Amino acid sequence: MERANNSAFSRFILLGFSNQPQLETALFAVILIIYSLSCLGNGAIMLLSTMDPHLHSPMYFFLSNLSFMDLCLTTCTVPQTLANFKGKDKTITYGGCVAQLFIALGLGGVECVLLSVMAYDRYVAVCRPLHYMVIVHPQLCLQLVVTAWLTGFGSSVVQTALTMTLPLCGKNQVDHFFCEVPVMLKLACTNTSVNEAELFAVSVFFLVVPLSLILVSYGHITRAVLKIKSAQGRQKAFGTCGSHLMVVIIFFGTLISMYLQPPSSYSQDVNKSIALFYTLVTPLLNPLIYTLRNKEVKGALRRQMRRILDLRPS
């Protein structure tokens with residue numbers, strides 16, 4: 001990159017919520033609490049999925065990957081946000097901004113693909129239960145997860161390069177609390193229509209296509225469940241999919257509101273609030289939804305707690 005043109009400065013100023021300084025102390029406390037709970041919840045799911053033999057199944061393999069991504073996503077953005085809220089120096093290095101943009105974009109893409117994979121997993125579990133372990137075998141699970149990671153971060157390489165090579169003409173004030181594509185495009189002192197078109201195309205690929213596949217999967221699931229004569233059987237089948245569907249609605253709803261509109265039409269205060277929800281609240285809700293609505297996870301948690309208590313010296 002031409003340093004003289006694009007980044008004669010070495011740091012970006014993250015304005016965040018500096019226009020409302022009275023909120024920063026309260027936001028610092030709230031964000032710190034939510035971040036701590038998110039790390040605890042996602043870490044617990046990863047640990048339980050590894051330690052408890054009852055959770056050694058494709059569903060929990062995908063769920064542990066989802067928790068790992070949520071943990072990485074919050075850690076990518078939240079510590080920097082907390083530091084900026086509490087300190088006078090509200091900056092991020094140029095390299096830090098590039099890394100943050102790359103990681104956040106990559107993880108977002110991976111999660112979109114992974115949620116569609118989890119919908120396929122639930123489709124096979126409900127619609128073809130007798131063949132479930134044959135179809136969704138460990139090798140396929142690994143291949144699907146690797147594909148999700150490669151697709152997400154492969155796209156992130158392209159988006160990050162196209163965004164960070166735009167001429168900024170000395171503009172280094174980012175009206176956000178982390179580096180994000182639509183906000184970075186606003187700093188450019190050149191026509192960004194190509195970048196906006198690319199962002200829209202990528203958003204369609206990672207949002208509309210996976211969401212469509214998820215809806216198709218759940219259409220088949222609903223049709224199969226309605227054929228079950230037993231009310232208890234229908235309730236159990238819907239219960240296995242309900243938690244995943246809640247995660248899908250929350251995750252895709254926030255991202256679609258962020259990316260499937262031109263950056264020029266963004267209200268920054270609304271965009272910041274949505275981004276804060278996506279990067280902080282959603283990773284907290286995922287483990288809560290899966291644990292509170294899932295008997296197997298709650299059972300695994302109880303077994304591990306009993307094991308810890310049994311090991312404790314009397």
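Here, residue 1 is simply the first one shown, and the rest follow in order.
Yeah, the Cβs are placed from backbone N, Cα and C, and that goes for glycine too.
The shown structure was predicted, so the numbers you read here are calculated from the model rather than taken from an experiment.
TrEMBL lists transmembrane segment at one of the ranges 133-152, 273-292, namely 273-292.
The recorded stretches the transmembrane segment (92-118) and the transmembrane segment (242-261) share 3+ CB pairs below 8 A when only pairs 6 or more apart in sequence are counted, and are therefore in contact. Only residues 6 or more beyond the boundaries of the transmembrane segment (26-48), in the same chain, are considered here, and those with a CB under 8 A from a CB of the stretch are 17, 55, 63-64, 67-68, 70-71, 74-75, 78, 81-82, 85-86, 276, 280-281, 283-284, 286-288, 290-291, 297, 300-301, 304. Mean model confidence of the domain 'G-protein coupled receptors family 1 profile' (41-290) amounts to 85 (pLDDT, 0 to 100 scale). Of the Cβ pairs linking the transmembrane segment (273-292) with the transmembrane segment (60-80) and spaced 6 or more residues apart, 3 or more are under 8 Å, so the two regions touch.
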